[in-house]
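Residues or ranges marked as domain 'Cytidyltransferase-like' in TrEMBL: 73-202, 258-347. The annotation transmembrane segment is assigned in TrEMBL to 22-54.
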Amino acid sequence: MIGLLAFESHQGLWNSGYYSQLFGIGGVMITVAILMLSTGYFGGIGAPFAPYFWPYLGQVPKKRECKRPVRVYMDGCFDLMHYGHANALRQAKMLGDQLVVGVVSDEEIVANKGPPVLSMEERLTLVSGLKWVDEVIPNAPYEITEEFMNTLFNKYSIDYIIHGDDPCLLPDGTDAYALAKKVGRYKQIKRTEGVSSTDIVGRILLTFKQKDAVAVDEVGVKPTDELKSQLSHFLPTSRRIMQFSNGQAPSPGARVVYIDGAFDLFHAGHVEILSSARQLGDFLLVGIHDDQSIRDRRGYRPIMHLHERTLSVLACRYVDEVIIGAPWEVSKDMITTFNISLVVHGTVTEGNSAGEIDPYAVPKSMGIFKTVTSPKSITSVSVATRIVDNHEAYKELEKEG
């Protein structure tokens with residue numbers, strides 16, 4: 001669908017019999033005669049082109065008309081970014097050639113839904129890091145007004161405005177996308193079931209409870225032993241994983257970089273450390289630890305389970321492949337199997353590894369380990385702490401379902 005210049009496949013007179021016949025018996029003389037006729041050497045009688053060629057002019061390759069790419073727009077708060085957001089944007093991209101995403105401003109979120117968990121900068125980092133996104137518009141309005149709709153059509157050359165099949169209502173009960181529907185420039189995608197920002201808030205609150213039910217230390221909020229995570233309703237399928245996957249192996253001789261972690265509550269810090277790791281090689285392989293391994297080392301299960309975390313990592317534009325349920329220790333066999341050239345780890349980590357065997361002992365002994373400075377100090381625990389600290393404000397968010 002991408003509008004690029006294309007050329008017709010006609011080979012024309014170059015591969016046909018017409019031109020080759022000129023070089024048969026007496027072909028040289030015939031060619032000279034045709035050229036002289038076309039330039040008026042015989043008695044000053046000239047012609048723009050030799051008449052013998054007129055029937056075949058249509059066979060000369062012609063440039064096709066340039067087709068403009070179809071540009072689609074989708075907006076959202078994208079707070080507590082999860083695989084449901086990523087899947088929505090994946091579907092939106094399939095409805096056009098270029099996907100432009102509007103990230104709703106903090107002020108509009110407060111007015112329509114309640115205070116956001118993540119800052120505008122963090123949400124922009126998350127959205128820009130998705131492999132299906134081509135352009136981002138910061139501080140987009142929550143409602144598609146006539147003025148903003150005309151801006152989308154005229155300034156950003158948007159062809160269609162996209163939204164999920166779930167209702168998006170303004171405080172007065174009206175449809176936020178009514179105008180786009182009215183002018184026939186609206187398309188709809190299917191909402192991803194089993195997850196929402198509200199659901200994740202609920203899981204966090206059940207895991208960490210309220211502030212008076214947890215202990216806070218220098219790491220952040222720690223859950224008490226009796227609290228359990230809310231069960232996820234997500235049912236993973238191989239088809240969904242394939243939709244998110246690049247489906248490509250590293251090319252011969254490629255420098256494969258490996259980084260592992262929990263990647264729980266996928267946030268801006270994850271995006272930036274993955275970007276830094278990807279710049280160190282040609283192919284980024286990401287190991288995602290299973291739920292039990294994380295619980296054994298942190299004392300509680302991750303908020304998002306293994307397959308949810310897998311989709312969030314796969315949606316990141318810097319990731320080429322993942323190992324689902326990667327081993328905690330990086331072994332020599334693993335390095336050989338995946339042809340890993342470099343193992344990297346960030347400076348910001350979660351959990352207590354004191355007294356443990358160094359999981360990177362082997363790559364360190366091989367001289368292929370590198371510590372990368374984490375661009376951001378944000379962690380999954382710090383995101384959860386924000387929600388716990390603002391429990392009352394998020395009660396309103398929970399009511400929206």
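The backbone N, Cα and C atoms fix where each Cβ goes, and this holds for glycine too.
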Please give the average pLDDT for the domain 'Cytidyltransferase-like' (73-202) in this predicted model.
92
Going by DSSP assignments with H, G and I as helix and E and B as strand, what are the residue counts for the domain 'Cytidyltransferase-like' (73-202)?
48 helix, 29 strand, 53 coil
Going by DSSP assignments with H, G and I as helix and E and B as strand, what are the residue counts for the domain 'Cytidyltransferase-like' (258-347)?
34 helix, 22 strand, 34 coil
